[in-house]
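Here is the structure we will look at, set down as structure tokens.
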Amino acid sequence: MQSSLDRRPRQQGLHAAIIMDGNGRWASARGLPRGAGHRAGVKTIQRVAEVAPDLGIGTLTLYAFSSDNWRRPAEEVGGLMRLLRAYLRGETERLARTGTRLSVIGRRDRLPAGIPEAIARAEAATAAGDRLHLRIAVDYSSRDAILAAAARLGPEGLSREGLSGALGADGDVDLLIRTGGEKRLSDFLLWEAAYAELHFTDRMWPDFGTADLATAIADFSARDRRFGGLNVAAVPEAA
Ligand code: FPP
């Protein structure tokens, strides 16, 4: 079994995950409808995905729509689904051209007609991308994903590696960022982020820029990651 001290992301580069919070407040502060905040949030996704590989990120997982977000007003939910559809339609070609492999995690059976097919098309068209693995979480609940993965494996198949595989985890999360000033995990990647370093920023997602991502990475790089063990330099040699 892999020891807790040699845990490393499987792919090249860091696995960063972002809870993209603050779109609504960003819009309200400008007297705009919440949908304008989500539209601005999509531009931030484009910006961040473009620079992420240059900052050492190999996998980027973004929380776009939680399973609890269905409780929002139908108009807002509909707007988010339209944005997702437009993103898939408008971005796939650019993602493929820039070596970005797109995956969507979460349930697909409750998404509006046509979206699961659009996701499958975008995933197929970008499958060869090896510069960045961009994972977007839609109708996602980490608790539900863990339960479903465990049920698929059955008691005999359960192991740490087995569950990570069944979750399609693509390596543990190294750095988990939340924008918008709140400090909670909101049912996001609870298994995969077991040893993630956490970075919280007051910046609203539409305002989150390259410099903010670079700050988060620098903050991460300064952390002493011990994975439950001791810092090797701090352990006295055996007598
Ligand atoms: C949280 O802000 C953000 C969301 C619930 C949605 C995030 C979605 C996007 C960035 C755009 C859609 C994504 C794609 C891939 C098309 P909030 O609305 O909870 O903000 P608030 O806390 O200020 O109200």
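Heads up, the Cβ atoms here are built off N, Cα and C, so glycines get one too.
Some features that TrEMBL has for this protein:
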- Asp21: active site (ACT_SITE)
- Asn69: active site, proton acceptor (ACT_SITE)
- Asp21, Glu197: Mg(2+) binding site (BINDING)
- 22-26, Arg34, His38, 66-68, Trp70, Arg72, Arg178, 184-186: substrate binding site (BINDING)
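Ligand 1 lies within reach of Asp21, Gly24 from the recorded positions Asp21, Gly24, Ser67, Leu185, Glu197, judged by a C-beta closer than 6 angstroms to any of its atoms.
Note: the CA-CA distance between Trp70 (substrate binding site) and Asp21 (active site) rounds to 16 Å.
Take the recorded positions Ser67, Asn69: by the count of other Cβ atoms within 10 Å of each Cβ, the lowest one is Asn69. Of all the recorded positions listed here (Asp21, Glu197), it is Glu197 whose C-beta has the fewest other C-beta atoms within 10 angstroms. Listed in sequence order, the recorded positions from Asp21, Asn69, Glu197 having a Cα within 10 Å of the Cα of Arg178 (substrate binding site) are Asp21.
Here the candidates are the recorded positions Asp21, Gly22, Trp26, Ser67. The one whose C-alpha lies nearest to that of Glu197 (Mg(2+) binding site) is Asp21. Annotation for the binding-site residues Gly22, Trp26, Trp70: lowest Cβ count within 10 Å of the residue's own Cβ, Trp70. Using a 10 Å Cβ-Cβ cutoff, Arg178 (substrate binding site) registers 23 neighbours. In this structure, Ser67 (substrate binding site) is part of a helix by DSSP. The DSSP secondary structure for Gly24 (substrate binding site) is helix. Counting in whole angstrom, Gly24 (substrate binding site) lies 13 from Asn69 (active site, proton acceptor) by their C-alpha atoms. DSSP assigns Leu185 (substrate binding site) to coil in the three-state reduction, outside any helix or strand.
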